[in-house]
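Let me begin by presenting the structure, written as structure tokens, before commenting on it.
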Amino acid sequence: MADPEDPRDAGDVLGDDSFPLSSLANLFEVEDTPSPAEPSRGPPGAVDGKQNLRMKFHGAFRKGPPKPMELLESTIYESSVVPAPKKAPMDSLFDYGTYRQHPSENKRWRRRVVEKPVAGTKGPAPNPPPILKVFNRPILFDIVSRGSPDGLEGLLSFLLTHKKRLTDEEFREPSTGKTCLPKALLNLSAGRNDTIPILLDIAEKTGNMREFINSPFRDVYYRGQTALHIAIERRCKHYVELLVEKGADVHAQARGRFFQPKDEGGYFYFGELPLSLAACTNQPHIVHYLTENGHKQADLRRQDSRGNTVLHALVAIADNTRENTKFVTKMYDLLLIKCAKLFPDTNLEALLNNDGLSPLMMAAKTGKIGIFQHIIRREIADEDVRHLSRKFKDWAYGPVYSSLYDLSSLDTCGEEVSVLEILVYNSKIENRHEMLAVEPINELLRDKWRKFGAVSFYISVVSYLCAMIIFTLIAYYRPMEGPPPYPYTTTIDYLRLAGEIITLLTGILFFFSNIKDLFMKKCPGVNSFFIDGSFQLLYFIYSVLVIVTAGLYLGGVEAYLAVMVFALVLGWMNALYFTRGLKLTGTYSIMIQKILFKDLFRFLLVYLLFMIGYASALVSLLNPCPSSESCSEDHSNCTLPTYPSCRDSQTFSTFLLDLFKLTIGMGDLEMLESAKYPGVFIILLVTYIILTFVLLLNMLIALMGETVGQVSKESKHIWKLQWATTILDIERSFPLFLRRVFRSGEMVTVGKGTDGTPDRRWCFRVDEVNWSHWNQNLGIISEDPGKSDTYQYYGFSHTVGRLRRDRWSTVVPRVVELNKSCPTEDVVVPLGTMGTAEARERRHGQTPSSPL
């Protein structure tokens with residue numbers, strides 16, 4: 001009998017028919033099968049391995065090709081196995097047991113297995129050939145999501161064997177086109193994912209490195225986003241450097257719906273470019289790397305699909321909070337200075353977007369007061385880029401200094417759209433009254449008022465009143481006999497003719513001046529028509545009525561009188577426009593505007609519905625009037641009853657007037673006698689009076705009181721805005737040469753340009769005092785405070801025109817006065833026409849006094 005432990009007949013096992021098929025299961029085990037060097041596991045381990053094998057590959061080796069939905073729904077795979085070629089049904093991974101004919105046969109086989117080997121017999125079976133692992137999108141995405149580099153073993157062999165790449169459609173997310181690289185970047189652990197370098201190495205070996213790195217999202221929501229965008233958003237500089245070194249596109253544009261402004265349905269607009277994303281997320285270290293790396297540098301002058309540069313993007317994300325304004329302004333200066341050093345011939349701040357807006361104009365249009373104030377008051381001490389400053393100190397003496405503000409883009413003198421016009425004429429800017437109080441805007445408006453605004457305004461008041469008096473006289477003393485046009489024979493007739501000509505000319509003048517403002521420049525929306533452009537709209541209607549009146553008069557139509565009286569009423573109402581010149585009456589006109597276009601409009605809309613509904617019901621209760629046939633020819637004195645005794649064809653319109661009289665308490669109930677059901681008629685009338693006279697009228701009074709209260713609280717700001725509008729209206733009415741004559745400011749040489757030539761700019765001077773920072777004024781132009789003749793800077797001698805000679809004599813008394821009661825905080829007080837009390841009131845949040 002053979003020795004049970006003698007393995008001599010081991011060679012016969014391979015050819016034995018009773019060889020168990022379950023012993024081949026170890027060929028498919030990857031992670032759980034020990035290496036040959038490891039000791040063999042006992043029977044419990046083998047049983048556990050079979051159990052795990054069933055759980056791992058449950059459903060993985062079904063007959064036939066897998067269904068697509070099964071691949072999509074699969075999420076976790078412990079091991080990846082390539083299905084072998086079509087096999088027989090018994091070639092299964094599951095252990096169904098060994099086929100045995102008789103128990104003794106099994107016993108005999110076991111004794112032969114352990115017999116001692118015989119010399120020259122066949123050795124053990126060689127190691128099985130390596131099995132190629134299979135990878136698909138769910139498996140690959142799961143591996144990179146877990147950050148398991150071991151799971152990527154065999155991926156390169158699989159791709160090379162099947163001639164595939166990681167950018168193929170089978171490895172992309174169907175809905176977004178996302179590859180495994182963005183998936184890995186979106187699943188970082190402590191800022192790292194060890195599968196990313198392996199994926200890049202595999203892509204490089206398969207020959208599609210750039211395509212793999214720059215593969216964008218293709219869905220509508222995230223279209224254009226690349227792995228570089230995600231690495232920047234995740235604030236991973238090491239991966240940003242790795243991607244750029246491998247060839248990432250530093251100018252890729254993310255244009256999906258998610259990356260659009262909020263008012264267009266988006267969530268976060270950052271300017272589409274990777275550099276803009278780094279700037280808008282406050283990552284200066286990445287900004288420095290993208291613009292200074294030795295592989296591919298990002299161009300600071302690059303614009304997105306809207307034409308916005310990185311500076312526009314910073315303005316777009318500003319929200320006027322302290323934290324946001326602090327980092328936005330710091331990043332803004334960083335990029336501006338960096339661009340000036342990298343591209344000396346380009347002023348990044350002067351580039352316009354597709355809407356024709358610079359970053360400064362965009363800040364004004366969107367009401368970003370924090371970044372707006374920073375731009376117009378920017379002062380740079382670095383001599384190499386000092387030409388980027390918009391504020392220059394002319395002289396300083398202790399806490400007092402005189403500053404020169406660059407007026408480029410602020411006040412363009414009609415040559416192009418200015419920031420001042422954007423602030424005044426754009427009603428969508430909710431905080432524009434605050435932005436108008438920022439220096440030098442505030443002092444600039446005062447200077448315009450002193451130079452030409454006040455005189456022109458009062459001349460306009462007198463001229464308009466004279467024109468309206470003439471219009472009233474020609475309407476009152478018009479001829480009563482004969483059809484128009486009336487003859488001109490006497491001196492009075494010729495005076496009337498002169499008055500008619502003057503009235504017609506004023507109508508034509510108002511027509512052309514206001515049609516330009518309404519439909520070309522000032523009023524882009526309906527709200528602007530009825531709020532900011534209310535008087536322009538009324539003047540336009542008045543001019544149309546005057547022109548129509550003249551046409552009907554010359555055409556011999558007597559109905560010209562009906563049109564003329566409407567024009568006369570509207571003309572006198574338009575005189576309220578000139579109440580803007582004084583604070584006392586200016587606030588009153590604003591109250592009237594808001595009540596008319598807000599409260600009264602809503603009241604009339606509801607009241608009209610009530611009146612039509614009740615009139616229809618009440619008229620239906622009246623008995624119809626008898627027809628004219630009821631009076632026979634024998635009754636010559638027969639008279640037909642009419643309203644209010646009965647209902648005829650004119651009853652509805654007459655009844656509407658009666659209901660209005662009831663609303664104001666002047667009506668009667670004569671029609672009650674002719675009602676078919678007097679009780680129902682009385683009930684309807686009582687409910688109508690309650691709803692209109694008691695409810696609606698009192699609601700109107702309450703709303704009007706609320707509006708008056710709101711206007712009173714903001715009367716200073718609202719009136720100042722109207723005052724600024726009046727100044728610009730007067731300036732825009734001047735021809736271009738007069739605008740240049742009355743332009744505020746002075747031409748000053750503030751230093752040297754980038755090419756070494758004198759940097760001459762049109763600046764506006766504002767005297768200020770700062771009690772916290774003394775002797776810290778860098779870059780002062782003039783050594784002698786208050787000197788107005790000449791000054792030296794960079795070796796150039798310049799003459800300053802139109803500089804006030806008595807400036808120093810007015811500054812010193814103000815400083816002495818301020819020194820009596822000065823707060824300890826950092827206070828900058830403009831020393832123009834603004835008083836000391838106004839400066840303190842602004843600092844403590846109170847309403848300052850009138851600038852006039």
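The first residue you see is number 1, and the count goes up from there.
Cβ atoms are placed via backbone N, Cα and C, with glycine included.
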### Check: Pro626 and Lys720 same membrane side, Swiss-Prot record
no
### Task
Quick one: average pLDDT across the motif 'Selectivity filter' (665-668), no decimals.
75
#### Entry: Close approaches to the topological domain 'Extracellular' (555-558) from elsewhere in its chain (Cβ under 8 angstroms; 6 or more beyond its ends)
483-485
### Task
Report the DSSP secondary-structure composition of the repeat 'ANK 2' (270-299) as helix, strand and coil residue counts.
16 helix, 0 strand, 14 coil
